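**Student:** Handing you this structure, nothing more for now.
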């Protein structure tokens, strides 16, 4: 009875350690992925020579890329859905 309790406790400790180690690796992965996504997005914006979604703009100057357009109300590039 004591041996089975010891094995169960040892198994739980091992499970906790493995879970904690994998969780710490998973926390670094999304940060790394987001930094790569934003780095690529910034590079594409510089390459195009136009402003992307969420960038400030002046209405009527056509500074935004073809898909996002400059909002007259908010003065930033946004995507218009519909008409």
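Keep in mind that glycine also has a Cβ here, set from the backbone N, Cα and C atoms.
Pasting the feature list from Swiss-Prot:
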type: SIGNAL; residues: 1-21; note: signal peptide
type: DISULFID; residues: 50-65; note: disulfide bond
type: DISULFID; residues: 57-70; note: disulfide bond
type: DISULFID; residues: 64-77; note: disulfide bond
type: MOD_RES; residues: 81; note: leucine amide
**Student:** Which of the recorded positions listed here (57, 77, 81) have a Cα atom within 10 Å of the Cα of residue 65 (disulfide bond)?
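**Tutor:** The recorded positions close to residue 65 (disulfide bond) (Cα within 10 Å), listed in sequence order, are 77.
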**Student:** Looking at the recorded positions 50, 77, 81, which has the shortest Cα distance to residue 57 (disulfide bond)?
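**Tutor:** Result: the closest of the recorded positions to residue 57 (disulfide bond) is 77.
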**Student:** Taking the Cβ of residue 70 (disulfide bond) as reference, which residues of that chain separated by at least 6 in sequence fall under 8 Å from it?
**Tutor:** 57, 58, 59, 60, 61, 62, 63, 64, 76, 77
**Student:** By a simple count, how many Cβ atoms lie within 10 Å of the Cβ of residue 57 (disulfide bond), its own Cβ left out?
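**Tutor:** Its Cβ shell of radius 10 Å holds 21 other Cβ atoms.
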**Student:** Among 50, 77, all listed as disulfide-bonded residues, which has the most CB atoms within 10 Å of its CB?
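**Tutor:** In terms of Cβ crowding, the pick is 77.
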**Student:** Across all the protein chains here, work out how many other Cβ atoms are within 10 Å of the Cβ of residue 65 (disulfide bond).
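**Tutor:** Counting Cβ neighbours of residue 65 (disulfide bond) within 10 Å gives 17.
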**Student:** Which one, from the recorded positions 64, 81, has the smallest tally of other C-beta atoms lying within 10 Å of its C-beta?
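**Tutor:** Ranked by other Cβ atoms within 10 Å, the recorded positions 64, 81 bottom out at 81.
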**Student:** Measuring Cα to Cα, how many angstrom lie between residue 81 (leucine amide) and residue 50 (disulfide bond)?
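**Tutor:** About 20 Å separates the two Cα atoms.
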**Student:** In terms of DSSP three-state secondary structure, what is the assignment for residue 50 (disulfide bond)?
**Tutor:** coil
